[in-house]
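Structure record follows, encoded as structure tokens.
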Amino acid sequence: MRYSVSPSVCMLSSHLRLVPARVRLVHSLVRSPSCSFMDLKALVSSLNDFASLSFAESWDNVGLLVEPSPPHTVNTLFLTNDLTEEVMEEALQKKADFILSYHPPIFRPMKRITWKTWKERLVIRALENRIAIYSPHTAYDAAPQGVNNWLAKGLGVCTSRPIHPSKAPNCPTEGTHRVEFSVNHAQDLDKVMSTVKGISDVSVTSFSARTDDEEQTRVSLNCSQQALMQVVAFLSQNRQLYQKTEILSLEKPPLLHTGMGRLCTLDDSVSLATLIERIKRHLKLSHVRLALGVGRTLESQVRVVALCAGSGSSVLQGAEADVYLTGEMSHHDVLDAASQGINVILCEHSNTERGFLSDLRDALSAHLERKINIILSGADRDPLQVV
């Protein structure tokens, strides 16, 4: 176990230097009210409550990626956009117990853990120094107060909605399909109800209905994909029932304000030149890359901006907007957008994400009730420079 004095208790540290080493160790175990600690499992659970990992894309690798042997307590959480070896060295110097790296340092499967590659070395150093590594990535992209919402703040006053809304992790009802049909006669109803209730993964309800002045019983059942085939096989034996059968596919409901990308409508139109200056100021950049849409100029008015932090080609494709704002796009995707009269602003991948970490630090501090120290990396930066 490492014993250290946090920078936030510098008043204590000046006293600790004046006492014998034996007493200094005892004092280092005393934590100030503003600097407590959390169990790793409790911290991970709280982070998942802050932004559910279910928001992440299916291809992504999110959550706890490196876990020291339990028990593991966390006193210092270290925030970074990219976990490079330089950033890892900084985390070690800051006595971090937990690194939250927005981008997952482990993405493709590893077949071995050796000193040969830089990502393998990150894992080795984390485990040797008992540092957990967690990555939220696209879960934070989709979250209501996540990366894309932060990026939209740089546009000016606007209303926004996700370009691709996230869906709830589960359907509000059981099953994947709903089957509905009407039964005319009581004897037929008894047989139908008895049979469908005998099929696994089927829930059945019925109610009285009147069609063409005829009393009927409407049967509605929810079932799984596998049970659906058995239900259809049974109903197909009765042509009259089968011809009146409706089959609905149940979808997970969309989540409000949650999803990939944002389509932003400015309250007041501005020139493209003005919008660019706002973006540069928000991202603290001196330069961005611009592809003018066909027939557009720097004085062209902008009202609708489609944005996606990071690499936005797949998210922005097909979005109707005056401007596409993202970190990077392929050459041919830029050509396609420009040919439609859409201006494209590229700021480099992590430049559209990194500034969010300052807001995240404050939000996490409040969410975790200031139980642990949260430090923002000073070594983390975009690998590309304008020279």
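Positions of Cβ are set from backbone N, Cα and C atoms, glycine also.
Quick caveat, the model's predicted, so the values are computed rather than measured.
For reference, TrEMBL has these:
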- His103, Asp141, His349, Glu353: divalent metal cation binding site (BINDING)
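A Cβ within 8 Å of the Cβ centre of His103, Asp141, His349, Glu353, the residues given for divalent metal cation, is found for these other residues of the same chain: Asn81, Tyr102, His137, Val147, Ala309, Gly310, Ser311, Gly327, Ser350, Thr352. For the binding-site residues given as His103, His349, the lowest number of other CB atoms within 10 Å of the residue's CB is seen at His103. A 10 Å cutoff on Cβ-Cβ distances gives Glu353 (divalent metal cation binding site) a total of 25 other Cβ atoms nearby, all chains included.
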